[in-house]
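Trainee: First, the structure itself, so that you have it in front of you.
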């Protein structure tokens, strides 16, 4: 018997709370259901923290339902106070539209808009709203007493910053979005982060009061690592889905560096691999668990950037850190290349250097020439000037940059010239 998509989402760790749980399960067991999630266009790119809602829409589509990805081009002009301790900077319409374009392109990598999925921008119906008519027709359905009890408002009302009137309107606008999509697409389900519970319930109530219709909500848990760090954050900031902000290789390495305790959970959330295979990963450790991390990285990078980029990132990792043969029975449904993986270079060329020399620092152009990454110091200068020199996969942006002990990570420094020429520096034992 095919599993209901609600059961799938629960099993894989997507769900924190639902409204009318049994009714919702019955609804999703029947005919096609239209469901939506809103995406806030405060930046031109989504990041890894947005993957839970994106993947949930993809699961809905795979189960035969119709996902609606709503870019908040209209609500983005107001700003959502949910989960914020101070008022967001208001964006211009031009900023919001530009950001919305970038977000739509990224969503298309996960959701097939040629097979029934819908992309919408709420600016299409919110920007032209007439204020008096909106208050008369819909404002009467909202209780201020109930609104200020919502967690999203209560936290702001208790803060020193307070809650602006423009933000107070946000709940009404999001509720109206749900009503509009209910009218236009028969949309009965809204999903969102745990901080959206009050806004989702407001939309459900508006549909019931204004149309006498039934609607439902699902919220997702806040995903943190086992160390308690918010998902998608690193010491360098957010991990973006835009390859211009976070390269496919950096994206791949983000997943490779997953903490051991998080691997099964992240495989369930961020890949489509079967749970019966993922559950076996819980018993792995050491080298076998590291191979599971490689598969997680490959699958996640394939979804975000395509298979070619994932293969390129995998090969770069093999060339840099050494190849590992991946057993056929480890997460067997993964599309990761298994044959030939062990034929990659065992390691990159390595130079042993004395600590005292790196303590002082060596000019990058000098070192690139010395270890053979460039044919001469002049060639090395040209390479650096063109942005083709890297230390630990970070572009060297200055002619004067010196390679030093500060660059040492895990007892080594990885230098790169261009896309594929790597060299490792390690310290002598003296």
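Numbers run from 1 along the shown chain.
Note: Cβ is positioned from N, Cα and C throughout, glycine not excepted.
The L-tyrosine binding site annotation in Swiss-Prot covers 36, 170, 174 and is backed by sequence analysis. Among the features that Swiss-Prot reports, motif ''HIGH' region' is placed at 41-50. Swiss-Prot lists 230-234 with the feature motif ''KMSKS' region'. Per Swiss-Prot, ATP binding site is recorded for 233, and the stated evidence type is sequence analysis. Under the heading domain 'S4 RNA-binding', Swiss-Prot lists 362-427.
Mind running through what each feature is packed against?
Mentor: Other C-beta atoms found within 10 angstroms of the C-beta of residue 170 (L-tyrosine binding site) number 22, with every protein chain shown included.
The DSSP breakdown of the motif ''HIGH' region' (41-50), given as helix, strand and coil counts, is 3 helix, 1 strand, 6 coil.
Restricting the average to the motif ''KMSKS' region' (230-234) gives a pLDDT of 72.
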Trainee: Against which stretches of its own chain does the motif ''HIGH' region' (41-50) lie, if we need a Cβ under 8 Å and a gap of at least six residues from its ends?
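Mentor: For the motif ''HIGH' region' (41-50), the list is 71-73, 76, 88, 91, 96, 98-103, 106-107, 223, 230-233, 238-242, 245, 254.
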Trainee: Note down the number of other Cβ atoms within 10 Å of the Cβ of residue 36 (L-tyrosine binding site), including every protein chain shown.
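Mentor: By my count, 25.
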Trainee: Please report the three-state DSSP label of residue 174 (L-tyrosine binding site).
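Mentor: The three-state answer is helix.
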Trainee: Among 36, 170, 174, the annotated L-tyrosine contacts, find the widest CA pair distance and round it to a whole Å.
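Mentor: Result: 17 Å between the two most distant Cα atoms.
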